[in-house]
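J.: From Swiss-Prot, for reference:
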- His78: active site, tele-phosphohistidine intermediate (ACT_SITE)
- His63, His78: Zn(2+) binding site (BINDING)
- 26-130: domain 'PTS EIIA type-1' (DOMAIN)
- His78: phosphohistidine (MOD_RES)
- His63: site 'Important for phospho-donor activity' (SITE)
Amino acid sequence: MWFFNKNLKVLAPCDGTIITLDEVEDEVFKERMLGDGFAINPKSNDFHAPVSGKLVTAFPTKHAFGIQTKSGVEILLHIGLDTVSLDGNGFESFVTQDQEVNAGDKLVTVDLKSVAKKVPSIKSPIIFTNNGGKTLEIVKMGEVKQGDVVAILK
(Lines of atoms letter the chains of each structure in order from A and count residues from 1; the text may use other names and numbers.)
(Lines give C-alpha, C1' and ligand atoms only; values in the text may rest on other atoms or scores of the structure.)
Protein backbone atom coordinates (compact mmCIF):
# COMPACT_ATOMS: atom_id res chain seq x y z
CA MET A 1 0.00 0.00 0.00
CA TRP A 2 1.17 3.51 -0.72
CA PHE A 3 0.94 4.75 2.88
CA PHE A 4 3.63 2.33 4.11
CA ASN A 5 6.30 4.38 2.35
CA LYS A 6 5.15 7.80 3.48
CA ASN A 7 6.96 9.71 6.18
CA LEU A 8 4.91 10.17 9.33
CA LYS A 9 4.76 13.73 10.66
CA VAL A 10 4.35 13.96 14.43
CA LEU A 11 2.71 17.07 15.86
CA ALA A 12 3.28 18.76 19.20
CA PRO A 13 0.36 17.65 21.40
CA CYS A 14 0.29 20.98 23.24
CA ASP A 15 2.18 24.23 23.66
CA GLY A 16 5.46 23.71 25.49
CA THR A 17 9.13 22.87 25.20
CA ILE A 18 10.34 19.81 23.28
CA ILE A 19 13.11 17.99 25.15
CA THR A 20 14.99 14.71 24.74
CA LEU A 21 14.08 11.62 26.74
CA ASP A 22 17.44 12.05 28.50
CA GLU A 23 15.87 15.04 30.28
CA VAL A 24 12.97 13.00 31.69
CA GLU A 25 13.34 11.97 35.36
CA ASP A 26 12.05 8.42 34.88
CA GLU A 27 14.35 5.53 34.00
CA VAL A 28 11.69 3.69 31.97
CA PHE A 29 11.52 6.62 29.54
CA LYS A 30 15.13 7.81 29.85
CA GLU A 31 16.46 4.32 29.09
CA ARG A 32 13.94 3.97 26.23
CA MET A 33 12.56 0.71 27.64
CA LEU A 34 9.23 1.30 25.87
CA GLY A 35 10.82 2.74 22.72
CA ASP A 36 12.47 5.87 21.38
CA GLY A 37 10.81 9.26 21.32
CA PHE A 38 10.94 12.69 22.89
CA ALA A 39 9.07 14.61 25.55
CA ILE A 40 7.30 17.91 25.96
CA ASN A 41 7.30 20.12 29.02
CA PRO A 42 3.70 21.34 28.63
CA LYS A 43 2.55 24.94 28.94
CA SER A 44 -1.08 24.48 27.90
CA ASN A 45 -3.76 22.30 29.49
CA ASP A 46 -5.21 20.77 26.31
CA PHE A 47 -3.41 17.75 24.82
CA HIS A 48 -4.12 16.78 21.20
CA ALA A 49 -3.40 13.70 19.09
CA PRO A 50 0.15 13.91 17.69
CA VAL A 51 -0.82 11.62 14.76
CA SER A 52 -3.95 10.24 13.12
CA GLY A 53 -5.03 6.69 13.86
CA LYS A 54 -6.98 4.40 16.13
CA LEU A 55 -6.91 4.98 19.87
CA VAL A 56 -5.79 1.47 20.83
CA THR A 57 -5.17 2.42 24.46
CA ALA A 58 -7.07 4.97 26.53
CA PHE A 59 -6.22 4.43 30.17
CA PRO A 60 -9.16 4.84 32.57
CA THR A 61 -6.88 7.16 34.56
CA LYS A 62 -6.83 9.47 31.49
CA HIS A 63 -3.06 10.05 31.79
CA ALA A 64 -1.91 8.06 28.75
CA PHE A 65 -3.11 7.34 25.23
CA GLY A 66 -1.84 4.87 22.63
CA ILE A 67 -2.49 5.59 18.96
CA GLN A 68 -1.88 3.16 16.09
CA THR A 69 -1.54 4.67 12.63
CA LYS A 70 -2.83 2.99 9.47
CA SER A 71 0.75 1.93 8.69
CA GLY A 72 1.03 0.14 12.06
CA VAL A 73 3.21 2.66 13.89
CA GLU A 74 2.22 2.89 17.55
CA ILE A 75 2.70 6.00 19.65
CA LEU A 76 2.20 6.42 23.39
CA LEU A 77 1.46 9.89 24.78
CA HIS A 78 2.13 9.72 28.53
CA ILE A 79 1.13 12.91 30.36
CA GLY A 80 3.43 13.59 33.30
CA LEU A 81 5.34 11.14 35.47
CA ASP A 82 3.62 8.92 38.05
CA THR A 83 0.30 10.48 37.02
CA VAL A 84 -1.36 7.05 37.07
CA SER A 85 -1.43 7.48 40.86
CA LEU A 86 -3.88 10.40 40.50
CA ASP A 87 -6.58 8.00 39.27
CA GLY A 88 -7.88 10.52 36.73
CA ASN A 89 -8.11 13.47 39.13
CA GLY A 90 -7.17 16.62 37.22
CA PHE A 91 -7.83 14.99 33.83
CA GLU A 92 -10.90 15.34 31.58
CA SER A 93 -10.86 12.97 28.60
CA PHE A 94 -12.70 13.68 25.34
CA VAL A 95 -12.06 10.31 23.66
CA THR A 96 -12.71 6.61 24.17
CA GLN A 97 -10.72 3.50 23.41
CA ASP A 98 -10.99 2.21 19.81
CA GLN A 99 -12.05 5.66 18.55
CA GLU A 100 -10.47 6.98 15.35
CA VAL A 101 -8.68 10.29 15.88
CA ASN A 102 -7.12 12.79 13.51
CA ALA A 103 -3.84 14.53 14.22
CA GLY A 104 -4.75 17.63 16.21
CA ASP A 105 -7.97 16.24 17.77
CA LYS A 106 -8.27 17.10 21.47
CA LEU A 107 -7.71 14.04 23.66
CA VAL A 108 -7.71 15.41 27.19
CA THR A 109 -7.64 18.59 29.27
CA VAL A 110 -5.29 18.52 32.24
CA ASP A 111 -5.26 20.88 35.22
CA LEU A 112 -1.48 21.25 35.03
CA LYS A 113 -1.22 23.49 38.11
CA SER A 114 -3.03 20.97 40.28
CA VAL A 115 -1.32 17.91 38.77
CA ALA A 116 2.17 19.47 39.04
CA LYS A 117 1.76 19.72 42.82
CA LYS A 118 1.06 16.00 43.14
CA VAL A 119 3.57 14.28 40.84
CA PRO A 120 7.36 14.36 40.33
CA SER A 121 7.06 16.07 36.92
CA ILE A 122 4.59 17.12 34.25
CA LYS A 123 7.12 16.39 31.49
CA SER A 124 5.18 14.27 29.01
CA PRO A 125 6.93 11.60 26.91
CA ILE A 126 5.80 10.76 23.38
CA ILE A 127 7.11 7.24 22.76
CA PHE A 128 7.18 5.13 19.60
CA THR A 129 6.32 1.73 21.06
CA ASN A 130 6.32 0.28 17.52
CA ASN A 131 8.15 2.41 14.96
CA GLY A 132 7.34 0.14 12.03
CA GLY A 133 11.05 -0.20 11.22
CA LYS A 134 11.34 3.53 10.59
CA THR A 135 13.86 6.03 11.95
CA LEU A 136 12.82 8.89 14.20
CA GLU A 137 14.06 12.37 13.35
CA ILE A 138 13.26 15.16 15.79
CA VAL A 139 12.98 18.27 13.62
CA LYS A 140 12.11 20.89 16.23
CA MET A 141 13.49 21.27 19.75
CA GLY A 142 12.70 23.98 22.28
CA GLU A 143 9.54 26.11 22.28
CA VAL A 144 6.64 24.84 20.17
CA LYS A 145 2.95 25.50 19.68
CA GLN A 146 0.35 22.75 19.58
CA GLY A 147 0.19 21.40 16.04
CA ASP A 148 3.79 22.24 15.08
CA VAL A 149 5.58 19.38 13.30
CA VAL A 150 8.20 18.29 15.83
CA ALA A 151 9.30 14.90 14.50
CA ILE A 152 9.23 12.78 11.37
CA LEU A 153 9.35 9.01 11.21
CA LYS A 154 11.17 8.06 8.00
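If you go along the chain as it appears here, the first residue is 1 and each next one adds 1.
Placed from the backbone N, Cα and C atoms, the Cβ positions cover glycine too.
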J.: Taking 10 A as the limit, how many CB atoms besides its own sit near the CB of His63 (Zn(2+) binding site)?
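T.: I get 26 for this one.
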J.: Give the distance between the Cα atoms of His63 (Zn(2+) binding site) and His78 (active site, tele-phosphohistidine intermediate), rounded to the nearest whole Å.
T.: 6
